[in-house]
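According to TrEMBL, the protein has these features:
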DOMAIN    8-111  domain 'Plant heme peroxidase family profile'
BINDING   GLU8  Ca(2+) 1 binding site
BINDING   PRO78  substrate binding site
BINDING   HIS108  heme b binding site
BINDING   THR109  Ca(2+) 2 binding site
Amino acid sequence: MNGSIIYEVDRPENIGLNRSIKILRKAKEGIDNVQKVSWADLIAVAGAEAVALCGGPEIPVRLGRVDSSSADPSGKLPEETLDAASLKTLFSKKGFSAQELVVLSGAHTIGGKGFGSPVVFDNTYFKVLLDNRPPQTSSSKCIFLTNCF
């Protein structure tokens, strides 16, 4: 983690991060008046706090990250058209278990509109998907179905 996300918010895959970066930018200005903090450290601390506030585990965060001076290369996020098996393979190559892939995927719904409690880990969003059966994306058909993994 190198803080490069601040240079990447205009990418289509990151467009939803603008509000969060705006909030963090304001916090960073206040913190920097007292003690300089890198974007990378600020994002790590914010992420750990978000997990704890949602009832997840407390994650110790070591400080001292150095910020990048430019964006990371594009194309590092998986395509939204990948099916469950392809996602599992891709994330496995990066050291993630199937359970960690599911948790990471579900975490992207926290704070969203209209499904369950926005600050609590739950599966309301996925129940709505299964109950309403929207046009299926390649991975939505496997969400919370035990035979997909």
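Just so it is clear, glycine is given a Cβ too, placed from its N, Cα and C backbone atoms.
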Self-check item: Where the residue listed as 'Ca(2+) 1 binding site' sits in the secondary structure, as DSSP reduces it to three classes
Solution: coil
Quiz prompt | Among GLU8, PRO78, the most crowded of the binding-site residues [Cβ within 10 Å] | solution = GLU8
Quiz item: C-alpha of PRO78 (substrate binding site) to C-alpha of the residue listed as 'Ca(2+) 1 binding site': distance in Å?
Solution: 16
Practice problem: Name the secondary structure element type, per DSSP in three states, that contains PRO78 (substrate binding site). | Solution: coil
Practice problem: For the domain 'Plant heme peroxidase family profile' (8-111), would you mind checking the mean pLDDT of the predicted model? | Solution: 87
